[in-house]
Amino acid sequence: MNEKICITKEYMSNDHISETLMEKWCDWQWQVKNTIRKVETVEMILGITFSDSQKFDIERTLAQFPMAISPYYLSLVDIHNYDNDPIFKQCFPSVLELNISPCDMSDPLHEEVDSPAPCITHRYPDRVLFHVSNVCGMYCRHCTRKRKVGDLDSIPSKESLLQGIEYIKNTPVIRDVLLSGGDPFLLSDTMIDWLLKEITAIDHVEVVRIGTRTPVVLPFRITDELVSILKKYDNIWLNTHFNHSREMTTEAGAALKKLKLAGIPLGNQSVLLKGINDCTYIMKDLLHKLILNGVRPYYLYQCDLSEGLEHFRTNIGTGIEIMENLRGHTSGFAIPTYVIDAPGGGGKIPVMPNYLVSWSSNKVVLRNYEGVITTYQMPINDNTSSCDLNCEACHLQRNHDTPCKQYQSIGIAKLLCDYEEDYTLIPEKLLRHSRRE
Ligand SMILES: *Cc1c(COP(=O)(O)O)cnc(C)c1O
Ligand code: SF4
């Protein structure tokens with residue numbers, strides 16, 4: 001038996017695992033080198049045999065969307081119930097991935113369309129996504145960037161990274177840079193250090209966020225060396241991606257603790273996945289586990305319209321029902337924002353139950369989580385003055401020590417403000433308008 005299978009089996013069997021083997025197991029580079037890509041390896045580790053027709057289907061799926069599982073992540077599978085296991089379902093291919101539904105798209109979020117420079121997606125006014133890596137500790141079967149992750153042709157070269165950095169440098173409105181990928185922590189320490197040094201040196205960049213699934217799929221990647229690199233920079237925030245409480249192991253907890261002790265704020269983005277976490281109780285367990293480990297739940301994503309994800313997509317009603325079961329029922333800071341990342345590059349749109357029942361000019365009618373209907377009285381002498389953006393003459397104390405950035409209101413916010421003349425937003429191809437000619 002090869003070493004990967006031997007160590008993984010030994011680790012899974014809970015027997016005494018020898019110190020030398022343990023040392024290898026906990027070495028993230030050993031884990032990466034021994035990434036599991038073949039069905040036969042999974043069969044041998046889990047001690048199962050797929051039928052010929054199952055194998056045929058799996059191979060067909062792999063030809064479209066390759067598999068990569070770290071031995072660590074595979075070791076979390078419950079071998080007695082692997083078929084219905086939330087870990088297994090996230091890492092092992094299903095032939096259902098080949099069902100391309102008519103609404104599926106290869107780049108539903110238009111990350112490539114909204115790309116003014118290599119590796120950059122610039123969608124929102126003040127922040128960008130910087131795709132710095134194209135590999136991951138594991139290829140999640142539900143990945144939005146399924147077509148790109150692992151595709152050897154799209155590994156960002158140093159040249160294109162430099163062009164990305166150049167774009168950030170030349171675009172002063174960018175105050176927030178999100179390192180994403182693939183997984184940025186699959187890069188070497190030296191590379192990560194270089195990227196952070198370059199980006200944090202840009203004056204107008206106030207915060208760098210890192211999105212990484214390594215605490216979940218490759219917790220050994222969070223080494224003391226890596227943490228000491230991150231610690232050198234002032235304002236690094238980190239978001240990870242736990243989808244089920246079973247992923248919160250001792251190893252994952254230890255990785256999170258290192259990051260937390262280094263003073264790095266930790267957040268989590270989950271994806272709502274059918275058959276994995278689309279249940280109020282499973283979701284609550286996960287959120288509580290996250291809080292227990294110092295991680296603030298940030299987003300709960302509705303699964304995107306990427307190709308091959310149809311079988312993971314839940315009804316939106318399922319998500320809203322889960323949210324209904326959270327607000328008021330558990331700590332407010334344990335509740336993520338449920339969002340749909342709008343196809344076509346519309347960005348994240350929050351969806352939730354409605355709490356505002358009605359309103360008049362002097363009252364709003366609200367309902368709480370218990371169903372109690374209540375009112376809130378508006379201030380009686382409501383002399384809120386309208387804003388003319390003349391901050392210096394305003395009675396509110398805006399701090400003029402911080403440079404006033406060029407203010408440009410857009411979207412719905414623009415409709416709301418008093419100093420703009422626009423009072424409508426009109427779709428580009430309005431039929432009614434075409435008749436006016
Ligand atoms: C998610 C995302 C961001 C960050 O959005 P936040 O709501 O600030 O977390 C930025 N750019 C793109 C393209 C994104 O998809
Ligand atoms: S870690 Fe993220 S980018 Fe990588 S495969 Fe998983 S979901 Fe996709």
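Here the Cβ of each residue, glycine as well, is placed from N, Cα and C on the backbone.
Annotated features in TrEMBL:
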BINDING   CYS136, CYS140, CYS143  [4Fe-4S] cluster binding site
DOMAIN    122-334  domain 'Radical SAM core'
MOD_RES   LYS348  N6-(pyridoxal phosphate)lysine
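Rounded to the nearest whole angstrom, the C-alpha distance between the residue listed as 'N6-(pyridoxal phosphate)lysine' and CYS143 ([4Fe-4S] cluster binding site) is 17. A Cβ distance below 6 Å to any atom of ligand 1 is met, among the recorded positions CYS136, CYS140, CYS143, LYS348, by LYS348.
The number of other CB atoms found within 10 A of the CB of CYS136 ([4Fe-4S] cluster binding site), across every protein chain shown, is 24. There are 24 other Cβ atoms within 10 Å of the Cβ belonging to CYS140 ([4Fe-4S] cluster binding site).
Averaged over the domain 'Radical SAM core' (122-334), the predicted model has a pLDDT of 95.
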